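The ATP binding site feature in Swiss-Prot is assigned to 12-17, Asp50, 109-112, 170-171, 200-202. Per Swiss-Prot, the feature Mg(2+) binding site maps to Thr16, Asp50, Glu109; the stated evidence is sequence analysis. The active site annotation in Swiss-Prot covers Lys37. The annotation substrate binding site is assigned in Swiss-Prot to Thr41.
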Amino acid sequence: MSVLVITGTGTEVGKTVTTAAVAAVAVAAGRSVAVLKPAQTGVRPDERGDADEVARLAGAVTTLELARYPEPLAPATAARRAGLPPVGPHEVAEAAAKLAVEHDLVLVEGAGGLLVRFDDADGTLADAARLLDAPVLVVASAGLGTLNTTELTARELRRREIGFAGVVIGSWPESPDLASRCNLADLPAVAGAGLLGAIPAGAGAHSPVGFRAGAPGWLAPRLGGTWDADTFASAFVP
């Protein structure tokens, strides 16, 4: 079963565009891809969600959203306030396993960070990853403050004995500041895992054709791309 869980060090760090890039590269390689969004928050029933955006950018992927809540809150809180049933880790794992039967790759995109609560039983994305025995790809921000949140996420993955695939910078600025440039070396050091890509800021605004053409150059070979961490860092020496 090939399942990759994608989490962030927080909200708005580029999880969806990173998920789309991984999906686009896999689709271009001829793999069948499914994208699972366990809980979509802050989106009305008539609006497009994160899984829809991944499909728009990446192309021919299967999408599945298990639950949707209108308020932009943690899933457990959003479900409770909406009077709707929450989604638990076992439901997430079961849905991912079913998708894996008919797809070469299943991408599970979380909400917020690794320990954001899905339900009132304190279930998290980490619990779902453990049930699936699936590695977790961590999407981090580029600038000041990212080292602490990335290291905390990495430590929690190791404490729970969950596979840690590596780190992707979800939005690399066009003109990176000193902290961002230094973090190219510091992020993999504090994470204890490789830097597996850097998505250009604004990549989600590209046309689908442009996004799919660019995606391989944003991701390392371990994610199916051609991006090289050393070559990238050499262009941004602090």
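Any Cβ shown, glycine's included, is placed from N, Cα and C.
Since the structure is predicted, the reported quantities are computational estimates derived from the model, not experimental observations.
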When distances run from the Cα of Thr16 (ATP binding site) to each of the recorded positions Lys37, Thr41, Glu109, the nearest one: Glu109
Integer Cα-Cα distance in angstrom, Ser171 (ATP binding site) to Glu109 (Mg(2+) binding site): 17
Binding-site residues listed as Asp50, Glu109, Gly110, least Cβ neighbours within 10 Å: Asp50
Candidate nearest Ala201 (ATP binding site) in space, where candidates are the recorded positions Lys37, Thr41, Glu109 and distance is Cα-Cα: Glu109
Alpha-carbon distance [Lys37 (active site); Asp50 (ATP binding site)] in Å: 7
Candidates Glu12, Gly14, Lys37, Thr41, namely the recorded positions, that fall within 10 Å of Glu109 (Mg(2+) binding site) by Cα distance: Lys37
Other C-beta atoms that fall within 10 angstroms of the C-beta of Thr16 (ATP binding site): 24
Inter-residue C-alpha distance, Gly14 (ATP binding site) and the residue listed as 'active site' (nearest angstrom): 15
Those residues of the chain, 6+ apart, with a Cβ under 8 Å from that of Glu12 (ATP binding site): none
Mapped DSSP class for Asp50 (ATP binding site), helix or strand or coil: helix
